[in-house]
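If you check Swiss-Prot, you get these features:
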BINDING   147-198  ATP binding site
BINDING   E267, E281  Mg(2+) 1 binding site
BINDING   E281, N283  Mg(2+) 2 binding site
DOMAIN    120-314  domain 'ATP-grasp'
Amino acid sequence: MQYQTHWIEHSVVKILSTTGKNHIALVAGGMSAEREVSLVSSEGVQQALIALGYKVTFIDMGADIAVKLQEIKPDIVFNCLHGTYGEDGCLPGLLNIMRIPYTHSGVLSSALAFNKIHSSSWFFANSINTAESIVVSKSYNINTDPMKRPYVIKPLTQGSSIGVEVIFEEDDFNFADYDFPYGDQVVIERYIKGREFQVAVLNSKALGALEIKLIKNRFYDYETKYTEGFAEHLCPAPLHANLYEKLLIESEKIYKTMNCKGPARAEFILEEQTNKLYALEINTHPGMTPLSIVPEIAAYAGINFTNLIAEIIKTASFES
């Protein structure tokens, strides 16, 4: 299955609550390949915002988002978008110009985290261990494996593991036949066999870590992330105390050096052969669905979903 970016000319606006202490525009859906995930995330968020006593207007974002925001004049924008135009720094940039406080990270940190090769370079520059990777363009016309197998193919700018493929030694795969479905460039990353860990960070503080145990599929792809029964979450992650602490410290380091804001989720692999920790990415707009990791770790840390949303709202600001 392919998930593509779609151009949507007009935003859809729906008033969810007419009274409250402040007016929040909950922006979700949008035009990215992660549209459906964003809409599912927004369902719980809108309930929490209403429970917290806010006046809430829901906006399914289209190209006229600036016009709609100018019309409704919210006090705060809750950025519940995933993927292109929301998670890549576009919406934060617009909100900076409009001087509307918003949740989640700003322009630079969002753009850096969303682009896999730039985030990898950032990790390297800040002495954060990360997997070897290269960029391959469609124009290169490569006919052989661009890296020794096993390796991972990742779209340069997609989230939710959309378009991610792992090419193992035994796979019947010819790179010459790869059709670059998500843009003219991909990241080719060395596959690291090991245990996968996720860390939730809120306002510069790591809340905890969990381990992903695969039940179905060979790697943590889109289907595995969002289908119940495909993966098991072990929370807290069953690790020796010093290694668990290192996970939290490394996550906070990534968050702070990238100048993130609000919630984020850092992803790591503990290599089976060397017991070495590798940072894979940081997600500045983590999911808020029933199967999402940040709310699960927050609950383990004693923060229920409504209080998590309240804490995120407190961080709303724009960059001047």
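Quick reminder: no glycine exception, Cβ is built from N, Cα and C everywhere.
Neighbour density around each Cβ, counted as other Cβ atoms within 10 Å, peaks among the binding-site residues E189, E196, E267, E281 at E189. Taking only the Cα positions, the spacing between E267 (Mg(2+) 1 binding site) and N283 (Mg(2+) 2 binding site) is 8 angstrom.
Under the three-state DSSP scheme, M147 (ATP binding site) falls in the coil class. Spacing of K154 (ATP binding site) relative to E281 (Mg(2+) 1 binding site) is 12 Å (Cα to Cα, whole number). Separation of the C-alpha atoms of E196 (ATP binding site) and E281 (Mg(2+) 1 binding site): 12 Å, rounded to the nearest whole number.
Packing around K154 (ATP binding site) is summarised by its Cβ count: 23 other Cβ atoms lie within 10 angstroms of its Cβ, all protein chains included. A gap of 26 Å separates the Cα atoms of F168 (ATP binding site) and N283 (Mg(2+) 2 binding site). Mean model confidence of the domain 'ATP-grasp' (120-314) amounts to 89 (pLDDT, 0 to 100 scale). Spacing of F175 (ATP binding site) relative to E281 (Mg(2+) 1 binding site) is 25 Å (Cα to Cα, whole number). Cβ neighbour density within 10 Å is lowest for F168 among the binding-site residues F168, F175, Y182. With respect to their backbone Cα atoms, E189 (ATP binding site) and E281 (Mg(2+) 1 binding site) stand 12 Å from each other.
The secondary structure of E281 (Mg(2+) 1 binding site), as reduced to three states from DSSP, is extended strand.
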